[in-house]
Amino acid sequence: MHCWCLQGAAFLPSILVIWSSAGFLFSYIISVLIGHVPPFVPYISDTGTSPPESGVFGFMISVSAMLGAATMYTRYMILERQNLSIDFLPIYFNKISLAIGLFGCIGMGIVATFQEMAVPAVHDAGALITFICGVMYILLQSYISYKSCPTWNTRATCHIRMTVSLIAFIAVVPMSVFSILSGRKRLDWKPSDEGYPYHLTSAICEWTVAFGFNMYFLTFIRDFQGVSIQISTEIHEDF
């Protein structure tokens, strides 16, 4: 009997969620044990700023970005095929959703490459791209899910996706605003520090959005189970 999370192409969102979650948790555990960040809700990027955890963070987030892009492209192809049998979606809508999602993956690559304290402006720009494009992507995918219901999705799945999307959307605003209000960047936050309440609120929202993405991709597993991925290789005779 095959594992339900490995049937068809379901391994893609499954590995994405497992790998991304492990990347966050591994860098958090290492940074806390070494004493680089306080254990109570640091920023995700703070846990991957100092070596050796910075290497773990950068590598795992880079792989997550590639897995995310592969998952989004496969999702795009699935929707394209589904739309052939029942015309429930304009073609451009699926393309726009994919473009936004891939742009978010590029943002993840920027976050992984440019560390928070080394190049803060570039790192912050990458993080902003990741979170904003990520939220836009899952909101669009939730809308698409409702359009394809009940043929390709259950009503319950649509509701779950939209709920996760709205929570992420609500959280991304205070995450950005309170990050600015918290003041200068630092790793050793203490409750007595000026701006700490803003920092704490922003960090909680950041973790909420990040794991909201993971929860959302979990809902793709059922859709991917009935799909197979094939690589076709052709050798041109005139080469």
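Sequential numbering from 1, following the chain as shown.
Cβ atoms here come from the backbone N, Cα and C positions, even for glycine.
Per Swiss-Prot, the features are as follows:
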- 15-35: transmembrane segment (TRANSMEM)
- 54-74: transmembrane segment (TRANSMEM)
- 91-111: transmembrane segment (TRANSMEM)
- 119-139: transmembrane segment (TRANSMEM)
- 162-182: transmembrane segment (TRANSMEM)
- 201-221: transmembrane segment (TRANSMEM)
Any contact, the transmembrane segment (119-139) to the transmembrane segment (15-35), with at least 3 Cβ pairs under 8 A: no
Maximum Cβ pairs under 8 Å to the transmembrane segment (15-35) - stretch from the list 54-74, 91-111, 201-221: 54-74
Considering the transmembrane segment (91-111), which listed stretch of 54-74, 162-182, 201-221 counts the most C-beta pairs under 8 Å: 54-74
